[in-house]
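Scroll down for the structure; my scribbles are underneath it.
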Amino acid sequence: MKKNKIGNLYLWLVFIVLYVPIFYLITYSFNSGKYMHGWKGFSLIHYCQLWADTRMIEIVVDTLIIAFLSSVLATIIGTFGALWINFAKSQLTKNILLNFNSILLVSPDVIIGASFLIFFTAIGLSLGFLSVLLSHIAFSIPIVVLMVLPRLQEMPVTLTEAAEDLGANFWQVLNKVTLPYISSGIMAGFFMALTYSLDDFAVTFFVTGNGFSTLSVEIYSRARQGISLEINALSAIMFIVSLILVFIYYFISRNGNRKRTPGLEATK
Amino acid sequence: MTEETVQPLIEFKNVSLDYGETKVLKKVDLEIEEGKFYTLLGPSGSGKSTILSLISGRLQPTGGDILIEGKNVNSLPSNQRKVNTVFQNYALFPNMNVYDNVAFGPSIKGFSKKKIDQLVKSMLKLVKLDDFSDREISEISGGQQQRVAIARALANQPKVLLLDEPLSALDYKLRKEMQSELRELQQRLGITFIFVTHDQEEALAMSDWIFVINDGKVEQSGSPVDIYDEPINHFVANFIGEANIVPGVMKEDYLVSFAGKDFKNVDAGMRTNERVEVVIRPEDLDIVVPSRGKLQVTIEDQSFRGDSYEITAIDDAGNEWAVQATNPAKIGQRRGLKFDPEDIHIMRLNESEEDFDARLESYEGED
């Protein structure tokens, strides 16, 4: 009982430490003053300023477009990649492919970003929307593979065999049996890729070039001149949006689990 | 060989399957006719499920030929064969409900919605699941899942239904029920069923014809009665039912010697004084007073089996005899064993199935 109390206390402390800065930041987004200290009273002025800052709005839209496009494309490529790794006959090929996949996940963003910069300049691709999109797709693919592959591996071989036995060809098996089975993994991969893309700074910083920017890079460059509370307002909005995303993901995965768990329906 | 009047539906000619050094199937020959209930019976790892995979096309033979309706199908993929499988773990699609599972085959074939609907409904009726079409797979019991798997396979209107140990996951009572239901279903539909099991009781109860498989070979094939009454060798005798197997010598036709005595029997066609194995089933032995018995034994052990007693007795030559008796006996008592000449079955050592059949024909024709 006592042990439990200490455990709870610890948990609360951890969450408080993690969330206090965020709530502090959100609170001051409503400050009518100019700085992050000295509360001057409630006001929505920074939100209005943000709304009037067309460059900032443009960057937010660009960031969302990049995140959405890159995660959709990475999900498609990553899903087929996972299928391919799973189809590989020899265990050696499988392991080699998987390790190559993991290396990309664990290598520092700075190195990935720098290598993309070198690569893009070498092939003469001008830095901007396309270079950011390509690099975001590239670093999202391994994440999708990692989310999809376990689902594929837990899928019984007999399901594929049964579908073939009933007359289905390769594409019909994929479309009607395999993809529906791994759909929860694909969704998880998509949302992971989306969040990775939304908050990536290091890789993007290298490949944005002049003019084009994403939110994280823009906030960083503005912060060097001292943070205006406009940024706080933006962060508050972003925080709420990610909270909503997390809830959506939670409900999707919960529904997916319920369908697969026998007996749960009966107890409902 | 006599001229074949009916072309077999499925034929294995010298079919082998190797995984590198391991020989899974060793030159298997078998013929499957239309409209019968076949069972592939054997211990686990004997290759019986492999034979099923070869018929369905999930595996390709490394040697020999597989013919379906006279055509070589060695490399025909499974989605183009007119056979369907009920898998051991049912392999139902979890993302579809009962109806859509059964409709899978017909919709792949591109049938019209109306035709699919008719087919699915009649199949669900056939397996008595009419009211379950909207249920999710996770909401129905194991026995019901089993029926869905059967309905799904039958909805493809196969010429042959392959059943890979489909009853092994069910409890005893449900298994018994499904056995008679499957048998009835096969007779009603009139298509060929090939059923794989390691349960000899199941095989004897359901089949028209049994292939006993061991170590990648067909040890013996025949009707349940033939296989039970006249097992070809030690393995079959032991695997199908319980058997007392003792060494003996065939003195001449219709006279065999074992346990130090000579007995009249009904087997013939062997060399004089050939060493053989003698089989007598426990239920063919009666325990009587010593003077009336053909063999004198001492009761060694006894256990109660519900409907009978299983008694172990030892004869003077040291052979152990299992007896199935309705009345209990006293341990340590001297008793006699009584049996008829027809109860004695003789097995030659290493006799092939062809030789066995030829020999049976040669002397049974004499009477």
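Even glycines carry a Cβ here, placed using N, Cα and C.
Around the Cβ of B:S49 (ATP binding site), the number of neighbouring Cβ atoms within 10 Å comes to 21. Feature annotation from Swiss-Prot assigns ATP binding site to B:G42, B:P43, B:S44, B:G45, B:S46, B:G47, B:K48, B:S49; the stated evidence is sequence analysis.
Annotation comment: Swiss-Prot describes B:10-240 as domain 'ABC transporter'.
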Around the recorded ATP site, report the further residues of that chain (criterion: Cβ within 8 Å of the mean position of the Cβ atoms of B:G42, B:P43, B:S44, B:G45, B:S46, B:G47, B:K48, B:S49; site residues excluded), sequence-ordered. B:T50, B:H198, B:I213, B:N214
Taking the Cβ of B:S46 (ATP binding site) as the reference point, list residues of the same chain whose Cβ is under 8 angstroms away and which are at least six residues distant in sequence. B:I213, B:N214, B:D215, B:G216
Would you pick out, from the binding-site residues B:G42, B:P43, the residue whose Cβ has the largest number of other Cβ atoms within 10 Å? B:G42
Local backbone state of B:S46 (ATP binding site), from DSSP in three classes: coil
Near the Cβ of B:G47 (ATP binding site), how many other Cβ atoms are there if near means within 10 Å? 23
Cβ neighbours of B:K48 (ATP binding site) where a neighbour is any other Cβ within 10 Å: 27
Just how many other Cβ atoms lie inside 10 Å of the Cβ on B:G45 (ATP binding site)? 13
Cβ neighbour count (within 10 Å, all chains shown) around B:S44 (ATP binding site): 8
